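Undergrad: OK, TrEMBL features for this one:
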- 29-53: transmembrane segment (TRANSMEM)
- 74-95: transmembrane segment (TRANSMEM)
- 107-130: transmembrane segment (TRANSMEM)
- 165-189: transmembrane segment (TRANSMEM)
- 195-213: transmembrane segment (TRANSMEM)
- 225-242: transmembrane segment (TRANSMEM)
- 248-270: transmembrane segment (TRANSMEM)
- 290-314: transmembrane segment (TRANSMEM)
- 334-358: transmembrane segment (TRANSMEM)
Amino acid sequence: MPWVLACTPFTIISYFLMWYLPPFVSGRVAWYLTFHCLFQALTTLFQVPYSALTMFLSTDQKDRDSATAYRMTMEVLGTLIGASLQGQIVASAHVSPHCTVNPSAKVYMIAAGVIAGVYLLGIVVLFLGVKERDDPYALNSDRAIPFCKGLALTMKHGPYVKLTASFLLISTAVQLEQGNFVLFCTHAAGLRNHFQYLVVTILVSAVVSVPFWQKFLQRFGKKCAACGISWMIPFAVMLVTIPNLILAYFVAFVSGLSIAASLLLPWSMLPDVVDNFRLQNPHGKGHETIFYSSYVFFTKMSAGIGLGISAAGLEFTGYKPGICRQSDDVILTLKLLIGAVPAILILLGLFILLFYPITEESRKETKLALEELR
């Protein structure tokens, strides 16, 4: 909790300055790069202890799965609220149909201030509503695992390696889909006036489907629920080949379902990996944060890989920001970034997940063994 509280004011300031238009021109790239990197670093500083708190809410697997489902529902809902608030506030700066008009910077600062206020409210709720507890699994005589030793142990832990490799590929595919969807709708599908509503459709679909996936994985198992991530593939390919408004909304809805599954499942499966590790290493403590920090690192890496692939592909084919009509090569690249590339990455990720060894039966055995150990 001290880390969460300490990084909050700096996170808010860096977010606000990320949307501030400095009076100088020559150093703007350095300005935005600095504060964007600072914001990403500070959100990581918050995300690691915040996500690791899941392990200290309860020792019961069902309780943790339920808490994870609630957390992911609220995160997607928060994304929806944030996108809606910021989108509506800055919409007045984009009323002109000409894409070369420079929008007013003041509305972006107002929007950043509103979002910063919402962030602060969330931190207050977390601080007042969640009480940090000591490791409920460890004996009083147990010592914390040194970070380097713990990191080496986690990187050798088979279930964790397979889970991380699988969802690194899947998360990269989702990042490509999310990051290029607006550009695809604008330049390749001729849906420039609908992309905001399509994004909202994705987010609403993701919010309402998280409880569905939670029930699904409780009934059929987590590995079975992972198949839902692949639902977006055929519809995305259809949208690429047959750009159509109705199909675009349907693709947005199905993509929301798949994105919800890709967000919920890894965070729901990670506590099972931690329990499995605990059973094999019963006299150490503090490893939960190592698992969660490593996984946060890999999620950040997937975002970086997705941005890198997109930026490199578009730069290579001659994408030019601000113009209304892009070249045929750029349009083809956007189609590949929306359809073929995410499909390949998702299928590879699901293939690796087939070898993930923790099943529903082994989870029950681990639960009983940990209860006996405690």
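Heads up, the Cβ atoms here are built off N, Cα and C, so glycines get one too.
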Undergrad: Which residues, given as numbers and ranges, are at least 6 beyond the ends of the transmembrane segment (29-53) yet have a Cβ under 8 Å from it?
TA: 1, 3-4, 7-8, 10-11, 14-15, 17-18, 22, 126, 130, 132, 267, 288-289, 292-293, 295-297, 300
Undergrad: For the transmembrane segment (334-358) and the transmembrane segment (74-95), decide whether they are in contact, meaning at least 3 CB pairs lie under 8 A, counting pairs 6 or more apart in sequence.
TA: no
Undergrad: Please give the sequence-distant neighbours of the transmembrane segment (74-95): residues at least 6 beyond its ends with Cβ less than 8 Å from one of its Cβ atoms.
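TA: For the transmembrane segment (74-95), the list is 103-104, 107-108, 110-112, 114-115, 118, 122, 196, 199-200, 203-204, 206-207, 210, 260, 263.
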